[in-house]
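Before I ask anything, here is the structure I am working with.
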Amino acid sequence: MAMGVPSLKNEFRYLSRSRLLFSLIFHIPHPLPHPASPLPFPASFFASDQFGSNSLCNLPNSLISSSGSFSVSAPKFAVFGHGMDLATPRHCKGFRPFSASSSKELPNSGTLKMSNSSENARVRNPGPERTGSKAFWKKAWEVVGWIKRGENDLEFKLNGFSVSLSNALITLILQLLNSEKISALRFYKWIKDSRPGLGRNYDICSLIVDNCGRLKDYETMTCTLNEFSKKGICLTQNSFLFIPELATDEDSLKNYVSDVVMILNGVGGTCRSSGVGSLIQMFSSLGSFKMAKFVMEITEMNTTYYNIMIKETCRRCDIEGSRALVHEMRQLGCKPNVTTYNLFFSNLCKSGERAEELLKEIKGMDCSPNELTFEIIISHLCKVGKFDFAIELLDNMMLWGLKPRLTTHAVFVKGFFKVRRYEEAHKYVVDASFKHSYSSNAVYSLFADLYLKEKDLVSAQAIISEMIEKGLRPSIRVCMTLLKGLQSIGRHEEARDLEKRFSSLDFEDRITEMG
């Protein structure tokens with residue numbers, strides 16, 4: 001292939017090839033994007049930015065890069081004489097593109113889209129720059145050309161180019177090298193020498209492993225993995241994208257997997273543990289739970305690996321698939337843990353399961369629930385407006401000896417506020433500060449902040465004043481926002497009064513610093 005700036009068709013080819021060929025060889029259908037499909041279910045299940053809640057299910061929509069930030073259209077290309085578009089899954093509430101039931105390993109309801117239009121085909125971009133930018137692609141292909149030709153002054157050229165080599169561009173260069181089966185080892189050595197931090201980046205290191213795999217250089221792969229494992233580097237799905245691309249049938253696929261597992265077993269350490277998990281995650285994401293289970297068969301069956309598959313069924317809103325996997329775990333002696341059930345409950349909630357059924361599931365758990373278990377169900381109840389039931393469940397947490405997380409309180413306050421039940425939100429804040437004193441400052445501050453976002457300075461001021469009277473300490477950020485708001489509308493006297501009251505709570509120094 002001539003180097004230079006290829007057509008957009010070639011630019012996107014590497015992004016979609018492995019997933020498409022895998023589906024053709026092993027008859028794994030891709031769901032058709034529905035023109036009226038709602039937006040995908042949000043990665044952050046609770047959407048609670050105030051308290052930095054960790055989302056339960058946060059899976060990338062693409063195997064190409066975990067750092068992708070937006071999608072671009074992928075072109076049509078010929079496979080077996082047909083013009084095909086890659087239609088990747090859209091997982092959203094109310095739309096189930098896959099069904100992993102207990103009776104069938106793979107679904108047969110979806111098909112790979114065949115058409116002359118590529119409007120619905122999407123791939124993930126490795127960074128903030130648009131892959132459609134000619135300058136972006138030109139830079140990437142220019143560097144790939146240098147590497148392919150093995151130019152003597154490669155490092156000198158890269159050093160001169162270093163300022164414009166963003167993380168996203170480096171990732172794209174590695175992906176292009178992998179696509180063209182050009183060794184990336186010299187480029188990676190330059191990365192380690194000039195950008196040590198990136199030399200330990202999990203995604204970049206994983207692309208280097210994938211590069212060795214595409215070149216079938218298992219000796220170098222083993223040496224590289226040994227180096228990574230000593231440094232505590234973990235592998236991602238990017239490490240093994242070469243497997244579904246190079247495999248020609250199911251037997252060769254299993255042979256590639258067996259060879260990789262043998263290498264991982266020999267290397268051990270973080271690369272072995274993360275590598276096996278990433279293999280299972282990759283096959284689950286591709287829709288082949290059969291191959292994911294094959295990986296477990298030649299390594300070990302454990303709860304952690306089953307949870308990876310259950311998390312994927314959760315992403316696909318496939319409640320029957322989740323239920324079947326939990327049942328299978330029990331039969332094989334892999335005891336479900338609280339993470340298993342939290343994933344399962346999140347799937348039940350997304351499928352609109354009734355609250356009564358959710359409570360039955362809690363009572364039938366093989367282990368004790370934790371705070372997140374209750375938060376998942378409480379969040380669901382608040383979203384559907386069943387606040388009384390949610391509060392009752394909150395009280396029942398005490399019987400388990402559990403304290404609500406700050407994010408759980410946020411679910412209630414934001415839920416009431418969203419439906420404009422302000423008095424009930426206030427009552428909840430007061431009760432929570434009494435029953436759960438550890439949360440008083442944060443919950444009150446959240447309540448005031450919600451009023452500020454509604455531009456209701458009067459109500460926010462009342463909440464802050466109430467806090468001060470109770471000896472609570474408002475969030476400095478909320479306080480400063482309120483002070484600036486009062487000053488902006490000419491209520492300087494009230495702003496000064498509040499500032500004096502803050503001083504009584506030892507806020508004076510910090511307010512001066514913020515000012």
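A Cβ is built for glycine as well, from the same backbone N, Cα and C atoms used for every other residue.
Marked as compositional bias 'Polar residues' by TrEMBL: 100-120. Feature annotation from TrEMBL assigns region 'Disordered' to 100-131. Here TrEMBL flags 302-336, 370-404, 440-474 as repeat 'PPR'.
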Mind checking how the repeat 'PPR' (440-474) divides into helix, strand and coil residues in DSSP?
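Summed by class, the stretch gives 27 helix, 0 strand, 8 coil.
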Within the same chain, where does the repeat 'PPR' (440-474) have neighbours whose Cβ lies under 8 angstroms from its own Cβ atoms, ignoring anything closer than 6 residues to its ends? I mean 6 or more beyond.
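Tertiary neighbours of the repeat 'PPR' (440-474) are 50-51, 406, 409-410, 413-414, 417, 422, 425-426, 429, 432-433, 481-482, 485-486, 489, 491, 494, 498, 501-502, 504-505, 507.
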Limited to the repeat 'PPR' (440-474), I'd like the whole-number average of pLDDT.
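Mean pLDDT, the repeat 'PPR' (440-474): 91.
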